[in-house]
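**Student:** I'd like to ask you about the structure that follows.
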Amino acid sequence: MYITNDEFRVFYVRIVRFSASSKLSSMKKELFETRQLMNMTSAQDEFSKWAKLRRRVDKLSSQVDEQNKSLASSQFVYSIMFKSFMFVLNSAIPFVLNWYYKRVPMFYLPPGDWFGPMGYLFSFPNAPAGAVSSTVWTTVCGRVLALVGEYARELFVKDAYLVAEPPMTTEKSSGDKETTSKLSTNKPAAMTGEKFDFGKEVKEADQPQGILKQRRANKSSD
């Protein structure tokens with residue numbers, strides 16, 4: 001049984017340290033909201049409020065860093081213990097059992113020389129002739145389970161993908177047309193590196209739609 005690092009991380013965060021991960025998520029959310037509020041506050045006009053928010057942001061940032069370090073260290077220790085347990089369960093115990101029952105057949109093949117020299121391989125290492133040994137049987141079962149697990153991952157685990165939008169055509173005042181291609185990644189402006197003007201968005205949201213359309217038409221014509 002093979003478990004990837006991402007699967008182990010999901011298992012550890014959601015089950016083993018669920019309370020700590022929930023606390024970390026709430027702290028990150030509070031930090032994001034406080035930082036947004038601080039960016040909306042003018043440091044010159046409302047310095048006392050801005051300074052208070054700044055201290056709150058610094059405090060939350062330090063708490064988030066400490067919580068991340070705590071989770072990372074505990075995850076490292078737990079991963080070593082978990083991998084040791086899985087090694088004993090998947091490798092050490094089957095090896096001991098196969099060695100102890102190496103002469104005991106799992107079942108016998110149909111009588112006859114159907115398999116030829118393969119019959120000796122089925123009885124490896126010390127099972128009676130014409131039988132399937134425990135070593136071969138556990139190896140085949142483990143391989144089948146591994147293949148089923150890989151097919152299940154490919155079937156149920158889907159990768160994220162980018163959605164391409166159709167080309168947009170913009171008309172100029174001279175009558176010429178300009179075609180541009182836009183790729184939508186569904187990411188916020190902070191992740192794409194674009195400058196986000198919150199005050200502009202608030203002002204535009206408060207104005208009627210007709211005025212907004214007229215202003216956008218004037219900008220496109222310019």
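The backbone N, Cα and C atoms fix where each Cβ goes, glycine too.
Found this in Swiss-Prot, in case it helps:
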type	residues	note
COILED	48-75	coiled coil
COMPBIAS	194-206	compositional bias 'Basic and acidic residues'
COMPBIAS	213-222	compositional bias 'Basic residues'
REGION	168-222	region 'Disordered'
TOPO_DOM	1-86	topological domain 'Cytoplasmic'
TOPO_DOM	108-131	topological domain 'Lumenal'
TOPO_DOM	149-222	topological domain 'Cytoplasmic'
TRANSMEM	87-107	transmembrane segment
TRANSMEM	132-148	transmembrane segment
**Student:** Which bits of the chain, at least 6 residues beyond where the topological domain 'Lumenal' (108-131) starts or stops, bring a Cβ under 8 A of a Cβ in it?
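**Tutor:** Result: 102.
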**Student:** List the helix, strand and coil residue totals of the topological domain 'Cytoplasmic' (1-86) as derived from DSSP.
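**Tutor:** The composition, in the requested order, is 75 helix, 0 strand, 11 coil.
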**Student:** When DSSP states are grouped into helix, strand and coil, how many residues of the topological domain 'Lumenal' (108-131) land in each?
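**Tutor:** Its residues divide into 5 helix, 2 strand, 17 coil.
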**Student:** Calculate the per-residue pLDDT averaged over the topological domain 'Cytoplasmic' (149-222) and state the result as an integer.
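**Tutor:** Average per-residue pLDDT within the topological domain 'Cytoplasmic' (149-222): 50.
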